[in-house]
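Student: Take a look at the following structure, please.
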Amino acid sequence: MNKLFYLFILIASLFILTDASHFRFGTISWQPTTDYRTIKFTSNFAYRTTFFYSSTSSIKVGNLVNVGTLNFGSGVGSVTVSVTVTDFDVKNNWFTGTFTTTKAYPAQNSGTIREYTAIFTSCCRISSLLNNKDASWNITTSVQIDNKNELSMVNWSPVSGMIPIVQVVANKNNNFRVIASDQNVQNADSSALTFSFSKVYTMTQPSGMTIDSKGNCYFLPTQIGLYSTQIYILDSRGAYIVVDFILQSVAEPGTCDPTCSNAGTACNQNSQCKGCTNSGSTTIDTCTTSNYPPDFVSPPTPDDGDTKLFPIGASTSLTFSCKTIMSGRSTTIQTANLPVGVTTKTPVTGATSNTTITWTPTTANTGSYVVSLVCSDSTGLTSSVRSFTILVAKPDCGNGGYTESGVCKCVDNWDPASKCFECKDGYYGENCVAVPPCVNGVPNSGINGDGKCLCSNGWTGADCSISSSQSCKDLSNSNTSISYSNPSFVNPTKVQVYLTSTPNYEVPTIVSIPNPINNLDVYVLVDANLASTTAFGYIKSGMSTFVSNIENICETAQFGIGYFSDYTPSPISFSPSQVMGSPIAAAIGLYKPATYSTTSNGNSLLAATDAASASVGWNSGSFKVIVIITDSDHSSSSAQITAFTNKFIGKSIVPVVVSFGASSMTNWNSALTSAGFGSVVTASGTSASDWSAKANTGVKNVLSKIVYKSDPTATGSSFVSSVPSTVTVSSSSSTQQTVNGLKLSLPSGTTIVSPVATISAMGYGQTDISINYNRPPVATSGSFSVNQNSLATFKLTGTDPDANILQFKFTTFLTANAGVITDSNGKDVSKQQSNYYAASEIFTYTPFENYLASNTIRFVAFDGCVESNTYATISITINKVNQLPECSSISSTITTTLNTQSTFSMTATDFEDASPFLQFTKPTDLTAYGTFTYKGASITSSTKITTGDSVIFTQTVNPKNDATVTLEFRAIDTSNAFSQASCSVSFKIQHANVAPVSSSTSPISVIPRGSVSLTLVSTDSDSTKALFTITAIKNGNNGNFYTCSTNDCSCTSGSSDSTIISLKDQFSGISYSSTKANKLICFTNGEPSAISNYASISFTSTDDEGLESNTVSVVVNIVGDRANVAPVVTKIQDYSVYQDYLDSDAHVVTGTDADIDDYNPPNVNNLIAIITTPPSNGILVTVQNGNNVATQGNAPFTHYYRPNPGFKGTDSYSYQVMDTFKETSSVESTTVTVNPINHKPTLTVNSYSFTSQSGAGETQTLVTYDFDGDNVLCSVQAAPKQISMYDSENELITTLPKSLSSNSYSFKLLDASKISPTPFSSFSDSFIISCKDDSKLTTPYGVLSTGNVTGFVQFTYINTPPTTKGIQVELDQDTTEPFTFNGTDIESPSDLKAKIYALPANGQLLNGNVVLTSKLIGEETYELDALSYKPNAGLSNWNTIDNIGPLDSIPYSVVDQQGLVSDSDVVTFSVRPRNPPVYTGADVIDVLQNTRYPLNVQGKVGNGGSEVNIQVLKFSGRGTLSIAHSMGSEGTMDTEITSYPNSQTGSTSYNFAYMPPHNEYGNDFDFIEFKLFDGDLYSELYTITVNVIHVNQPPTIQLISYKVLDDTSKDNGEVLFDSTYIVNMNINTSVLIKYTGSDVDVDQVTPLLSTVTTALRGTLYTKDETVPDLKGSIIDRNHTTVEQSSDGYYYVVYSPVPDSSGNSYVRIPFFMTDNGGLDSPTLTAVINVNRYNIPPFVLAGNKTYSTTTKLALSVENVQFDDPDSGKSNNVSIVVSIVGENDENVASLEDIKISLKRMQNCELHTSLASISCLDTKSALNESIQTITVNAVTAGNYRLKLFVDDLGYNAPSAIRAQSHMNATGYVDVTFEEAETTTQTNDNKTVLTGAIAGAAAGTALIAAAAWRLLRKAAPPTDTFFSEAAFLGDGVSSNPLYEQSASAAENPLYQSASDTTD
């Protein structure tokens, strides 16, 4: 059963694959040939066989199949791909084919490599693919054109292959390998390949598939079906290929492995097997099967990945063997991608099968070939894919050559200079045969040549012996000058003939028709108005038989189909349906005619004419026939019959008319008899088989003979004197013969320009004859300009239709004062008025000095026989040259003063302008110090300042020191031309002195009869010395302020070393240190007891420049008075600390005292602790981490010991205690042991600078130090952002941190373009380094780090010269081509100019319309894209020696904006001697409304061209334009073109589909603009006009808007309907609804009828403008129509039932009816009748509160109410403290706020704001008491903001319906009383509130976090007014929120998301 199920799945999947699209597999490889730019491409593709053939057995190895176009890369052309079939698989319906071609790429400059991307792409992939279905395939490879390396070292691409369809098992592990070979076999170091999924074009890789870098694929497909994959294969030199193939996933039932817990259980996939040993493996299945597939036998079969060498010239064979172990089964081997020429034999079949391949490669086959094999058994099971490489190695000597003494000896005609790989001169092709004669040209020789003669300029013919450029007098006989022969039944297809007066010049033609015929196109034109549905049914059912009958005549026949209708009331002349190559039997099966009638307007002949005129996808080189099936004769006029005949002749189409049931076809018989071609057959009309058989007979009739006709509409028809007689086509053998009888004669007196005669061999093809005869030449007008006081050169040009050599003669000359024109000999042409000048003559025009007027001269052309009929004009324009302005520098420096205006002016002069302007280059250098204005506006780098006008600079910035700023400026004239030199003005920005600030400690205390010191302090940032002045002094009764000469207070007041301080005493010369100057003074007293405010002293300080500070006062208080007993000190026990670290334990100096006033623990301890002897090797500090030295202090006196840096050992200090009477205790000492520790190392990082020209920076070494002598190891923690940093080994630092082995580093700038923010500029950057030691100490810690140290690096950018590279400009003959010089500059790539050193020899350079002269190029530089090249008339690449070109070249350099010049290089001009393709289709198409139109665009190859490609440039876009892909029997697939231009290549006929937009029509409806191109040669712009023909359509209706009436709560404006058609109105109001209808039909002339269904609730009225409420008549079941208003709209008024409301209250349907009775779709308005939402309000009992800081303030009785909020819905409030006059929220550092109840509230983290969300009762309880506590005094307001969240509004508009209110309570906090008050508290508070303004938005965020838990967020609620506005905001109920539609689901109250 399992096996049967497996076979069913396998067969089903194969069936699906067979019925799919056609692409299966593809890969492209390449290799250079005899030179670096000639590349040989080898492509392998696989397709579905039945897409190209009628059955899988019809294909044969060696068949040629055209599969598309290979594009060689952007701008270098393409080639049609015709693969040679190499393998095919009958069972799986695919074949593989190989295509080889050679492409010569444009030459590269020496030392350069250019990469192109070759691509083979088309649509569409298989529709049933599980990934990438219906997508385009893109097979690409990167092609390297390498002119840098020797040819032997030039890269070859990889090569790969695969079976087109690889079978895999679903839900199981599938492992296979993609094999590829690196073709660089001539190199000793063959590069490795890497594999990955392709990302060249976007595609989806199979889910569950991976690939490693070696090409091993692992795939566990989870679905049964087809997958596509593309593998990317890259070699080490950057060349890649892809291999694209299909994976077919099939089911394979099995049982679980014995190691599984459910062993033996039936399974279909690995995941169904549980607990297995190999679970999760990517290579071993746990669901196994005993149904084993076949496998290859090795040997003889090559192993996967093997390489087999096939020597050149030797026959080599390989055998493949496959076997199965399953009894009763046989095996077969399928190969893929065999090289062309390999023969295959299969001598053995059965359980074991063998296949042998044999091949004898030639030198042309050099390279690698990846061949793939798969083995399948008779049940459909397949082996894994086996792939190997066939290597044809390139020998030392090719093509039979041999080596003798190290030199190649060649046989036959091979060239030893190429080691026998290239032909000798004069030989061509793979066999090096002799080239045919080539008289005046160069033969296309070489191994890749075709032997054709490439003629030199002026010669033509097969051997280039016929002159095509000569004087007319040299031609005396008629001759055939050019003949083109394309693949066709009739040859030649194009002929060029020169006719003289000799009559009846004969042009021979050849016919070659195979039997059976190989190309047949049949277009079926069906009458869609037959007599009955039964009759049309016969046509449908017989179409398949007809197709089969025709395919019996030609197996590859293609079909198209279209329709016409002869229904008299509404006939249709022609409507195309399917283009050529379509399944017409299926198409007609879906077609439904609109009418069946026996009446006819007889338009079948007109329909046939239109069908022949249309582009229906005819294939080039096919026999073309239109089969017209109709049941009525035509009734056309004679003019229409003539038009029919001419159209069929012009298109070489033959008609076959099938009379379907008609008694006679008299008119058709007559028309075809008169025409002389075509066939009429009669069918019964009652049988499908009869008409199909008769139609087949008609086609055979027209195939049986060749009827020649001359197209009378061709311009050269009058030149045809006779055509050949009818030729009979053999029915049993091929017909090949030369046909005579085509004769031409020159009509007398003809003036036809470029006549072309068309001779049609009806159906089989046609010959176009371009006829030349001597006609007058045409002189070509031109113009040029020359700069004032300069000169210009020019040539005279003209054209001759016969390519005769031209001469020219002047007919008018310059006026006397205009200047002089001289010839190349310097002679004035006005003195030689009868001279003829050659076309190569160069004339020079020199205008007289300062002559500026325009002038013209005239001339005629002469071809040797006649002059041109009209003269041509040369227009001369003299360009006035603008003189640059000049500016003047300001010599004196402008000195500025702070906050003072400085006014100055600048001057400039200009030759043309009286008042030029001036502009500053960089005014920001000055505006950094103040304001810089002109006429009141700030000056920028674009400000234009009139010369002499004043500008003002006001210094507002006080620099630390005086600064000098120099500004550059330039003059600019009215043409925006700048002065060549810059000028300057300098400013001295002066520093302004700042007054000092005085300070001191106050009050200070002193004991009775004691002394105390105090310090006078002055602070100043810009002075060096201070002067202190005593401004007031109060000594007390027994006190004195004094100083000691020892600068301390150790002296006694009144002693010789003391000085008493008096009023106005001064202390001068006090130095500032760290901005502070200190003066120590002393105070002593003789008082016996304590006295408060006993003494005081006031002082100021003055700086160096005399600025005086504020006045500071110091108050002295006297404390203490008693009897005393000496205290006792307490000893501190010895202790230890760590080296260099403060002791972590506090130590205390204290003692005891018998005096209770001094010592009474725990309440009194007035002892003073004194350090009598400080430690010798350390210090004592009072705070553990502080710096204050512990000398004395109140006992207990806490101190910490800090050893001196680096000290270790023992130390000691002594101490005692002193009581308040200065009695001291004895002295005690304590010993401290300092234990050694590890020290942190130090690091110094020096700044470094370098430039862009210094390359890599010099190595920098870090400066490190370790106190302990440890090693210091450093690492980079952060590298510079813009500079590359390298480690000690000079390796780029890419990961951080990075160790520096020798503590050194260096820098290098990799890419100056990435400097940010300004590329190519100088900048500073930083980096961070940290170091650590390697200490062995561990206590108290081990290894220590320096921490992060920042270093700085300065990069200076130095401008570099630009660079250039030669370019090749390609253009068409006789055209002008703009081009762009190739220049690059890393600093300013967009600001380069070109400098030209010489003019082209064979053409002109144009700057606009000005022809460049040697004078111009000597003085000017040009924008890179400013110039165009125009070759001289008639010249092209053919005029060069090798006929390849280029025609011209010029040397040039580029100059950057700094004037640096690049090295010179060359622009070459390659002029193509070809004509573009020509569009042959209709310019206008008629498309039925709402109907797809198959648009086929056909073109003809231009004379001398090779391709017809199309580029759709523009589409007007009202409809849809798509590319139509023919999928064979599957019909067509349309892919919309979404961007333009859109290009297609590889055919002469391109299929599109046009679809008009729904219900739109009209003439000139859409426009399609396109060009045809051949390579990069483009045709003129073609435009197809699309007319969309009207088909009657129903009307449409549109609801416009509504307006609520009777509602006074809001502005009742007009509201536009959205797509929901919802009306929102309030209770007890009415609404006016406005709507309209439209009809696309032009016959709808009366207003549409509006019908409205009666409302189920409420009342509907018509609108009556005469009554106030607008309510007209009631609309009920008897009155449902609404008349159109005078403004063109329709109106109804709706009123709901009074006092009722609700969502979706009522639905009102509307529809329209046209005057034909068609109804529009119905639109329904949904009425929501809503309740009113009442705004909340705020109440406050007391609106003013005041208190002092640091006291809590309770605000009571602040409440709010929302009338329509209930007990359950939430309301939002925000309680905050704001400023007195603004809405800025105060900071928590200034004021704090709290509520009585904080549940469901959130306090802001930094601002005085609380956000709450709860019911209104709960919130009112919360705010019953609001507590406010201010730190900073000031006037505040308590603000309560309430939002009702719109809960009373309907949910649909709740987001827009929030109502809110705001209330305030004033709160004032006075400053608590203090001894001093130096600042205005209000000022401080204002600053504090202003500083908190930025936090206001954060309060909104806090409210949002609460609110979003229970309410939908809206922008109305969270607008700025919600938090900052005063009072109740305006009602937002009817304001549309911009984000109203973005309403998220409510979140639960537990949501804590921020």
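The backbone N, Cα and C atoms fix where each Cβ goes, glycine too.
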Student: Of the residues N138, N155, give the one that Swiss-Prot describes as N-linked glycosylation site.
Tutor: N138
Student: In Swiss-Prot, C438 is disulphide-linked to which residue out of C423, C453, C455?
Tutor: C453
Student: List only the single closest residue to N1742 (N-linked glycosylation site), chosen from the recorded positions C438, N1382, N1770 by CA-CA distance.
Tutor: N1770
Student: Consider the recorded positions C453, N1628, N1860 and say which one has the Cα lying nearest the Cα of N1382 (N-linked glycosylation site).
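Tutor: Result for N1382 (N-linked glycosylation site): the nearest of the recorded positions is C453.
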Student: How does the model score the domain 'EGF-like' (428-465) in terms of mean pLDDT?
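Tutor: Result for the domain 'EGF-like' (428-465): average pLDDT 77.
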Student: Give the residue from the glycosylation sites N1348, N1382, N1678, N1770, N1820 that has the most other Cβ atoms within 10 Å of its Cβ, counting over every protein chain displayed.
Tutor: N1770
Student: Whole-number Å only: compute the distance from the Cα of N138 (N-linked glycosylation site) to the Cα of N1820 (N-linked glycosylation site).
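Tutor: So the Cα of N1820 (N-linked glycosylation site) lies 72 Å away from that of N138 (N-linked glycosylation site).
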Student: With N1678 (N-linked glycosylation site) as the reference Cα, tell me which of the glycosylation sites N354, N1770, N1820 is the closest one.
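Tutor: That would be N1770, the closest of N354, N1770, N1820 to N1678 (N-linked glycosylation site).
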Student: Cβ neighbours within 10 Å, counted over all protein chains: which one of the glycosylation sites N138, N354, N1628, N1742, N1860 has the most?
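Tutor: Per the Cβ count within 10 Å, the most buried is N1860.
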Student: Within 10 Å of C453 (disulfide bond), Cα to Cα, which of the recorded positions N354, C464, N1348, N1628, N1770, N1860 are there?
Tutor: C464
Student: Whole-number answer please: how many Å between the C-alpha atoms of N1628 (N-linked glycosylation site) and C464 (disulfide bond)?
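Tutor: C464 (disulfide bond) has its Cα 99 Å from the Cα of N1628 (N-linked glycosylation site).
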Student: Sorry to bug you, but what's the C-alpha spacing from N1770 (N-linked glycosylation site) to N1820 (N-linked glycosylation site), rounded to the closest Å?
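Tutor: Spelling it out, the Cα of N1820 (N-linked glycosylation site) and the Cα of N1770 (N-linked glycosylation site) are 12 Å apart.
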Student: Between N354 (N-linked glycosylation site) and C464 (disulfide bond), what C-alpha distance do you get in Å?
Tutor: 56
Student: Could you tell me how many residues in the domain 'EGF-like' (428-465) are helical, how many are strand and how many are coil under DSSP?
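Tutor: Within the domain 'EGF-like' (428-465) the tally stands at 0 helix, 12 strand, 26 coil.
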Student: Inside 10 Å of the Cβ of C464 (disulfide bond), count up the other Cβ atoms and send me the figure.
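Tutor: If we count other Cβ atoms within 10 Å of C464 (disulfide bond), we arrive at 23.
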Student: Any idea what the Cα distance is from N479 (N-linked glycosylation site) over to N1770 (N-linked glycosylation site), rounded to a whole Å?
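Tutor: Counting only the Cα atoms, the answer is 103 Å.
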Student: For the recorded positions listed here (C438, C453, N479), which one has the lowest count of neighbouring CB atoms within 10 Å of its own CB?
Tutor: N479
